[in-house]
Amino acid sequence: MPIVNPFPGGTILGYPRIGRRRELKRALEARWAGRTTDADLEATCRALRLATVRHLAGLGLDPADGSIPSSFSPYDHVLDAAVTLGVVPAADYHVAARGDGTRPPLELTKWFDTNYHYLVPQIGPHTPLAFADDAPVRWFAEAAHPDDGGLPVVTRPVVVGPVTFLLLAKAAADAPAAFHPLDRLDDAVAAYAGLLAALGATGAPWVQLDEPALVADTVTGHLPAGALADAVARAYGALTAVPGRPAILVTAPYGDLRGTTGDHLAPLAATDVEAIALDLVRGTAPAGPVPGLAGKTLVAGLVDGHNVWRTDLARRLTQATALGAATGAGAVAVATSTSLLHVPHDADDETWDATHGRDPRLRDWVAFADQKVTEVTTLARGLAHGPDAVADQVAAATAALADRARAAGVVVPAVRARVAALRPADQTRAPYPERAAAQARRLRLPLLPTTTIGSFPQTREIRAARAAWTRGDIDDAAYQSAMREEIARVVTLQEDLGLDVLVHGEPERNDMVQYFAEQLDGFAVTAHGWVQSYGSRCVRPPLLWGDVTRPAPLTVAWTSYAQSLTSKPVKGMLTGPVTILAWSFVRDDQPLTDTAAQVALALRDEVTDLQAAGTAVVQVDEPALRELLPLRREHQHAYLDWAVRAFRLATAGADTATQIHTHLCYSEFGDVIDAIDRLDADVTSVEAARSRMEIVPQLDRAGYGRGIGPGVYDIHSPRVPSAGELTELLTLAATSIDPALVWVNPDCGLKTRGYAETTQSLRHLVAAARAVRSTLAGSGR
Ligand code: MET
Ligand SMILES: [Zn+2]
């Protein structure tokens with residue numbers, strides 16, 4: 001039986017949790033360091049929750065009708081759901097997040113196609129699953145009936161929905177092979193029913209259940225046909241029958257509910273939920289009437305929650321106005337397409353003064369979280385009272401967009417001409433056997449060559465020197481000499497260890513994308529634009545707003561300096577085009593493939609310059625290649641095509657005798673194995689230690705025939721692997737594929753590790769390579 005609370009006219013699906021001044025980060029880290037108590041942490045969290053919902057009321061969301069989401073999380077919203085459902089005991093919250101010496105933390109993985117990471121709950125046939133913790137109810141009550149004399153706010157509690165929660169969970173280690181967490185749907189739904197009844201009893205008019213799994217073949221692809229529709233029908237059939245419940249909004253952010261693998265809007269619309277939110281930035285609106293929508297509110301996600309560009313209010317208002325008649329929805333409301341978790345708080349926190357490319361014109365072109373709230377309320381007013389009611393705001397947006405479209409730097413004719421002139425030959429190198437022979441003659445490497453992924457430990461001194469230079473406390477010369485000293489130390493260390501292909505260690509890089517964004521034209525780097533990556537970790541994605549050019553070489557001086565210190569080859573180190581896009585806020589006014597080609601051409605010039613300076617090996621890292629994989633199967637092919645093309649454009653300017661490496665930080669290749677082959681790198685290093693080299697036979701079966709460096713040393717832990725252990729892993733690799741292809745390296749960069757453990761581990765790594773070389777020589781291979 002549907003409930004008759006009118007849905008608010010305008011809302012957002014969630015708001016950043018970390019705090020405008022990263023208060024949550026500081027509070028968590030102080031608690032973990034033992035400097036504060038649980039009560040201190042809870043007090044900060046409570047203050048943040050109240051300040052946030054009141055701030056949103058101040059921005060114009062209605063404080064009385066559930067317009068304001070209660071979307072706080074102390075660490076991660078999937079972990080919160082696991083606690084609510086009793087899968088993780090509330091007392092173990094921080095252990096689940098961080099481990100405690102004896103118990104490992106839950107696995108951390110990417111949330112859909114974003115750079116946010118969630119904790120993966122583990123569920124088996126007997127895992128407790130019942131309404132166990134009422135934090136969403138307490139948070140609702142604390143805001144609705146505040147005891148601090150402040151503004152009461154009737155919020156809309158936000159919880160991950162039951163279908164998505166179970167689909168994101170993984171089967172517990174001891175579960176039978178045929179078990180999937182979705183088998184526990186009825187138990188989970190009973191737990192959610194308990195939560196909904198409690199929320200209703202506390203007076204919550206609305207609850208929001210997020211079901212992004214419904215848009216993602218990457219999550220649901222393995223399910224038998226009909227299983228997802230059945231799960232939706234069962235879950236929401238049961239939840240809408242809960243007596244005394246709040247009205248239910250189900251959201252489907254990050255994509256389209258309808259795709260070639262099925263229409264997941266239909267089964268949802270067939271239930272009695274009161275409102276459905278569609279992502280109309282990434283997905284499309286149904287063009288015709290949807291059965292079941294008549295009695296519901298269609299919440300139109302028209303303001304991009306995942307990117308920072310100002311909304312075209314005129315276009316979106318027209319779209320919103322047409323939706324009701326087109327779809328047959330009972331009512332239409334306006335919202336962000338996703339939670340605002342993915343964007344910084346406020347564009348006004350930034351000084352737009354041209355520092356680091358923060359062109360003053362950009363202020364008018366962007367909308368961070370707070371600006372997006374205003375966009376939503378503007379659209380909602382326009383929808384309710386007609387376009388005249390918001391004519392000024394719409395005109396201002398239109399003017400800003402027009403200004404952006406014709407601004408210098410947004411379109412640089414020379415860049416356009418260069419991209420337009422590209423030919424297939426520009427992404428094609430000589431055949432691999434020819435390259436391999438030329439590189440072997442030039443590099444003269446032993447069998448099983450040893451190398452690292454690029455970064456060496458970033459010591460306190462390095463960070464301090466970089467920060468001092470950024471603040472202007474030390475001059476360029478002092479900074480240069482501090483970095484050169486570090487590079488010299490790292491080169492000497494690698495020579496002493498006996499590594500074959502050296503690196504300069506990347507001491508000058510704050511971040512592998514920001515470092516390039518700071519030097520390329522077309523990018524701006526923010527000072528305060530923090531976005532939560534996971535838990536207390538935040539990143540500041542650069543803004544890629546204009547056509548990309550490289551005013552000067554980016555890395556050549558550092559690499560050449562390192563090379564001048566040794567007769568061993570030093571590998572140049574670049575971040576690839578796909579990863580630069582994935583970890584930036586990318587312009588939304590042209591296809592990603594065009595932007596990727598521009599970034600690729602800037603990198604291509606860098607490869608050529610490195611080569612001209614005598615660099616024989618260049619690594620182009622693409623750790624985010626898989627992250628950007630579209631959630632819907634029908635879009636994956638086109639993505640992989642442009643991603644591969646961009647990488648090849650970046651690297652195909654290299655001569656036959658220049659060896660191109662790439663690095664990918666994961667081991668489950670599944671959907672992308674073929675694309676990795678098409679990158680045509682001479683050597684690919686991947687994560688493999690934890691999965692015991694599983695990837696190597698897989699690559700062999702897939703016909704991969706170029707260099708492969710399966711990481712033997714797991715750098716995600718401070719543990720020093722023994723030489724014996726590394727020998728064993730390496731033997732495994734060298735016997736499952738032609739040993740002439742195998743490289744020996746760690747899993748990833750060493751920047752988060754300490755020098756003591758790193759030195760020991762690399763010593764063992766070189767010893768292992770030598771041991772396996774002599775075994776292979778002895779066996780006549
Ligand atoms: C996340 S991949 C990191 C690659 C980079 N070259 C490094 O060694 O840190
Ligand atoms: Zn990596």
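Numbers run from 1 along the shown chain.
Including glycine, each Cβ sits where the backbone N, Cα and C put it.
Caution: TrEMBL annotation is automatic and unverified by curators.
From the candidate list Glu687, Glu725, Glu728, the residue TrEMBL records in the Zn(2+) site shared with His663, Cys665, Cys748 is Glu687.
Under the three-state DSSP scheme, Asn115 (5-methyltetrahydropteroyltri-L-glutamate binding site) falls in the coil class.
Around Glu506 (L-methionine binding site), taking its Cβ as the centre, 25 other Cβ atoms fall within 10 Å, counting all chains. When secondary structure is read from DSSP and collapsed to three states, Lys25 (5-methyltetrahydropteroyltri-L-glutamate binding site) falls in the helix class. The record gives Ile453, Gly454, Ser455, Glu506, Asp621 for L-methionine. Within 8 Å of the mean position of their Cβ atoms, the other Cβ atoms in that chain belong to Thr452, Val503, Met512, Met573, Gln619, His663, Cys748, Gly749, Lys751.
Closest to Ser455 (L-homocysteine binding site) in space, going by CA atoms and restricting to the binding-site residues Arg537, Trp583, Cys748, is Cys748. Taking Ser455, Cys538, Asp621, Glu687, His716, Cys748 as the candidate recorded positions, the subset whose CB lies under 6 angstroms from any atom of ligand 1 consists of Ser455, Asp621, Cys748.
Report note: the Zn(2+) site is defined by His663, Cys665, Glu687, Cys748, and the residues of the same chain whose CB lies within 8 Å of the CB centroid of those residues, excluding them, are Ile453, Pro623, Leu664, Tyr666, Ser685, Val686, Gly711, Asp747, Gly749.
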